[in-house]
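As structure tokens, the structure follows; a few thoughts come after it.
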Amino acid sequence: MKVVRNYLYNAGYQLLNLIVPFITVPYIARVLGPKGVGINSYTNSIITYFLLLGTLGITVYGNREIAYHRDDIKERSRIFWEIEFLQLITIVIAYALFLGFDFFQTQYKAYFLLQSLWIIAGAFDISWLFMGMEDFKKTVLRNTLVKLISLAAIFLFVKTANDVGVYIFIIGIAQVLGNLTLWPYLPRVIQKPVFKGMNVWRHLGPTTMLFIPQVAAQVYLQLNKTMLGQFDSVIASGYYDYADKLVKMALAVITATGTVMLPHMSNLAAKGDMKRFNNALYKSFSFVSFLAIPLTFGIAAVATTLAPWYYGEQFAIVGRLIIIESPVAILIGWSNVIGLQYLMPLKRVKSYTKSVTYGAIINIVINIPLIVSLGVNGATIATVISESVVTGYQFWVVRHDIRFSRLFVDAWKYFVAAIIMFIVVYLLNCMMVISIGSLTAQIVEGILIYIGVLLVLQASIIVDGLQLLGKKF
């Protein structure tokens, strides 16, 4: 039940992450316009490279290491302080490199400085400690408060197209404050640092191994935006960013599974309980498929009317980009399970690294010709192809270790139900005038059809869910 509770906490927070942009993005799109949105998107994509360098692979590595030793407070404390001091050192180096980069900039110099708040925030990010402890309540509640305050600040202070800097500052300072709010809880779970015998550098190698796949994974998003800004325009970068945002907002509820399951699976692996480990993996994969497959078809069904209504007529092109990118929900969902919930807990980091590195290489190779020939459509296609490579390679790596017949046992049922749902929702979308009411009606109708078809097909996740409810009530 602890895993379920943590998932509900994290999924609830991810829903808030979905709702807040759902409220702010249309407002920002209309106030800042395509150029302002593009400037934010482009400058943030550059800052992300420095943030990745500063945090290395510490978020995932720290999460896993704390999970391995969470029952030993002395060892847990030693590992925490070693990793945190390493993080402070690498952030200082990354920020120094950023200042050197910004010194030579002639365009967007001030915006880059404001975006650098994200790098500063990275120094104080200890969410990995509480995730490793499987204590998601603290991170969720504190970040929720900061998120709501930043939401209010956006509506209060971002009023015109000249407020791009104000918007960037609000988002950046919210990230800093959100990370700082976790520190008061530290004395309850961690002892004071003991500097004698502390070995910060022993973590550099393992975190660097995780840094490589993190950088490669960011290539799909950040490099696409950067290249669009260079080879097309910052406006095209903004279009791509907003299409990606809408897909990723919906995907957040799915990837919440990986965030919760990583420490749980790592702890099972550390105990050598492989029977429970494998059972949890199959259940998690089925659950992710159950969510990701209808999400892909649902987004595609409403995309062409949702985008101009949600973002404004200036962003009508985003609808087509969303349809192209929608399969990413399934691909990332599956790679999230295999990569974060299987390969990482078993310390098969090399295989995980190869998968995202190959995806990044493919992305770089095909990005330029696709952007030059197809513009922003090409960048979106490159994203889908790259994610396909990542997921495909991970499946190939585990082909002798995992029973695919059990992994995909109900997948065909999810696809059948999702396709039927797509047809109905698409027809409704064509007939109805888009509004909050009609969109809600289409979502509810889609969910009912999807669940109804799965009931008829006797999908195991529905049968198990009904049995669980029967026991409760």
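Glycine too: its Cβ is placed from the backbone N, Cα and C atoms.
Because TrEMBL annotations are produced automatically, they should be read as predictions rather than curated entries.
Database features (TrEMBL):
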type	residues	note
TRANSMEM	7-29	transmembrane segment
TRANSMEM	41-62	transmembrane segment
TRANSMEM	83-104	transmembrane segment
TRANSMEM	110-131	transmembrane segment
TRANSMEM	140-158	transmembrane segment
TRANSMEM	164-183	transmembrane segment
TRANSMEM	204-223	transmembrane segment
TRANSMEM	246-264	transmembrane segment
TRANSMEM	285-311	transmembrane segment
TRANSMEM	317-343	transmembrane segment
TRANSMEM	411-435	transmembrane segment
TRANSMEM	447-469	transmembrane segment
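Long-range contacts of the transmembrane segment (110-131) within its own chain (CB-CB distance under 8 A, at least 6 residues past either end) are made by residues 39-40, 43-44, 46-48, 50-51, 54-55, 58-63, 66, 80, 83-84, 87-88, 91-92, 94-95, 98, 101-102, 138-139, 164-165, 168-169, 172-173, 175-176, 178-180, 182-183, 185-186, 189-190, 259, 262-263.
Annotation: stretch 285-311 has the most Cβ pairs under 8 Å to the transmembrane segment (447-469), among 41-62, 83-104, 164-183, 246-264, 285-311.
Of the candidate ranges 41-62, 83-104, 164-183, 285-311, 285-311 has the most C-beta pairs within less than 8 angstroms of the transmembrane segment (411-435). With a threshold of 8 Å between CB atoms, the same-chain residues lying at least 6 positions outside the transmembrane segment (164-183) that come near it are 28, 32, 36, 39-40, 43-44, 110-111, 114-118, 120-122, 124-127, 129-130, 138-139, 142-143, 145-147, 149-150, 153-154, 157-158. Same-chain residues lying 6 or more positions outside the transmembrane segment (83-104) and placing a CB less than 8 Å from one of its CB atoms are 46-47, 50-51, 53-56, 58, 61-62, 65, 112-113, 116, 119-120, 122-123, 125-126, 128, 193, 198, 200-201, 203-204, 207.
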